[in-house]
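Some notes on the structure that comes next.
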Amino acid sequence: MFARLTSTLFALAAVSAVFAAPGATTEQCNGGEVQCCNSVQDANNLDSSVKKIITGLLHLDLKQITGQVGVTCTSVNVLGIGGGSSWYGFAFSYSYILASDWAIGVCSTQQKVCCTNNSFHGLIALGCTPINVSV
């Protein structure tokens, strides 16, 4: 019984430490949402595969798209929870939280951007502005 109580208290303390982590980010952007995108491309210089997605799947006019386009993006909101990842894993495995960049809103190999049109289920995001992360 004592061991179970100790384990439970340790797990709660560990989870609390993650939520209080100094690296945690609650970045927001004016009129948009912070995203982690696998790539960010200029609307005037899109890859042919991205053009096909925009015109073929999404039925958008390329001439109407300006600025930066995020490709394959996931949302990063408070501590990253509720984004494109399945956040329920943290309830079952503390180590999963520590190993997951999205748990603290970090884009490890992706570009962090602020995008104003994210209504394409992560396929693309429009109106993106890169967010520079200083270390």
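Just so it is clear, glycine is given a Cβ too, placed from its N, Cα and C backbone atoms.
Listed in Swiss-Prot for this protein:
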type: DISULFID; residues: Cys29-Cys114; note: disulfide bond
type: DISULFID; residues: Cys36-Cys107; note: disulfide bond
type: DISULFID; residues: Cys37-Cys73; note: disulfide bond
type: DISULFID; residues: Cys115-Cys128; note: disulfide bond
type: CARBOHYD; residues: Asn117; note: N-linked glycosylation site
type: CARBOHYD; residues: Asn132; note: N-linked glycosylation site
type: SIGNAL; residues: 1-20; note: signal peptide
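Each of the disulfide-bonded residues Cys29, Cys73, Cys115 was scored by other CB atoms within 10 A of its CB, and the lowest score goes to Cys29.
With respect to their backbone Cα atoms, Cys29 (disulfide bond) and Cys36 (disulfide bond) stand 13 Å from each other. Listed disulfide-bonded residues: Cys37, Cys128; maximum Cβ neighbour count within 10 Å falls on Cys128.
Using CA atoms as reference points, the disulfide-bonded residues Cys73, Cys114, Cys115 were checked against Cys107 (disulfide bond), and the closest is Cys73. A gap of 13 Å separates the Cα atoms of Cys37 (disulfide bond) and Asn117 (N-linked glycosylation site). Annotated pair Asn117 (N-linked glycosylation site) and Cys128 (disulfide bond), C-alpha to C-alpha distance, rounded: 8 Å.
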